Amino acid sequence: MDSKIDSKTFRVVMLPWLAYSHISRFLVFAKRLTNHNFHIYICSSQTNMQYLKNNLTSQYSKSIQLIELNLPSSSELPLQYHTTHGLPPHLTKTLSDDYQKSGPDFETILIKLNPHLVIYDFNQLWAPEVASTLHIPSIQLLSGCVALYALDAHLYTKPLDENLAKFPFPEIYPKNRDIPKGGSKYIERFVDCMRRSCEIILVRSTMELEGKYIDYLSKTLGKKVLPVGPLVQEASLLQDDHIWIMKWLDKKEESSVVFVCFGSEYILSDNEIEDIAYGLELSQVSFVWAIRAKTSALNGFIDRVGDKGLVIDKWVPQANILSHSSTGGFISHCGWSSTMESIRYGVPIIAMPMQFDQPYNARLMETVGAGIEVGRDGEGRLKREEIAAVVRKVVVEDSGESIREKAKELGEIMKKNMEAEVDGIVIENLVKLCEMNN
């Protein structure tokens, strides 16, 4: 334990998954907790340390400390791949498997730091197990769509004959995709992680957006489920090499541009790139497209659209683009972080979910009336003409006015959640758990 920390301060160890998006939301929550007499330790791999340092200002140098977590060494997974950022897709399972073996090093960290509380992520069954052996309370911070967590908990806790037929919110079932069945080992492990959470579960959402799903998850698991808000990074001071993007947007009319981005981890296929490019060109709507790498699939497209669009093959300041007055729509894979940012800035979503929880996030956005999912053909390929039609409806046409208004309404609610302090009930429950181990 650091002797410089005030004895009246509660020490909390946070353990996010090894993805930048997960680390980012834990870091936002950590910063908010430091205003309430909590000292935070954030554990991650050595490879992620520089990202964390880049996102920590001197303001938090005394209240948030970074702790390296050592993953087992492996010739198949060298040190530079101890992160999902830039991880080749075929190594995703290897990283997850190696991460599950980090328990012994995590135990050493906990013994040294002697925290009052551990806050862990979605896939770390070993973390609450290690904390329990040391008599340290641990809770889970779930950073995705609560509607999906409610479905998972339902599938695992109800008898098989009561599974989907009795789930009260069928509106979140994804389009043209298989629904998970009860008995899935992945769901079982995931729900076990939730059940290990001591008394409460924190969720990255709001009652206004997912109140009925939050209540159902709480009832199903028999635990308090407490929303902590969107936990998104605010638009930041721009670097010189990004100012030109804002100047380009400044020349466009209000709410006339669609932003296109599929996150830092999903790699679009050439077919997907061609379909999206065709749809954008057909829509005749201005766009900013952040793509991981330009390919031959874009040959001719960039010249044809001219000043109508930007195609950028490097990192872009997503929050700044979404918050710009010219941005009127967001073509997104519907990762939860991107979904939260879109809602935060009142921008309606043109949803193109690709994997994982994204189809459920897309359905939620349709259900609340702040987005439309683009349809696919019988082989799962995006419909080019429908891309154009949905973009025009969401950004331009009168028929999309209700969607635009709903997105703005949710944006105002999220803004208030961002500006407010952490909910008093959340702090009260965290203090109670810390005092159990004081």
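Residue positions begin at 1 at the first shown residue.
Backbone N, Cα and C atoms are what each Cβ position is placed from, and that goes for glycine too.
Here is what Swiss-Prot records for this protein:
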type    : residues                        : note
BINDING : S264, 315-316, 333-341, 355-358 : UDP-alpha-D-glucuronate binding site
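Feature annotations (Swiss-Prot) mapped to structure.
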residue: S264; record: UDP-alpha-D-glucuronate binding site; DSSP class: coil
residue: V316; record: UDP-alpha-D-glucuronate binding site; DSSP class: coil
residue: C334; record: UDP-alpha-D-glucuronate binding site; DSSP class: coil
residue: M340; record: UDP-alpha-D-glucuronate binding site; DSSP class: helix
residue: Q355; record: UDP-alpha-D-glucuronate binding site; DSSP class: coil
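Over all protein chains present, the Cβ of V316 (UDP-alpha-D-glucuronate binding site) has 18 other Cβ atoms lying within 10 Å.
Least packed by the Cβ count within 10 Å, out of the binding-site residues S264, S338, Q355, is Q355. Here C334 (UDP-alpha-D-glucuronate binding site) comes close to I349, A351, M352, P353, Q358, P359, N361, A362, M365: these same-chain residues lie at least six apart in sequence, with C-beta atoms under 8 angstroms from its C-beta.
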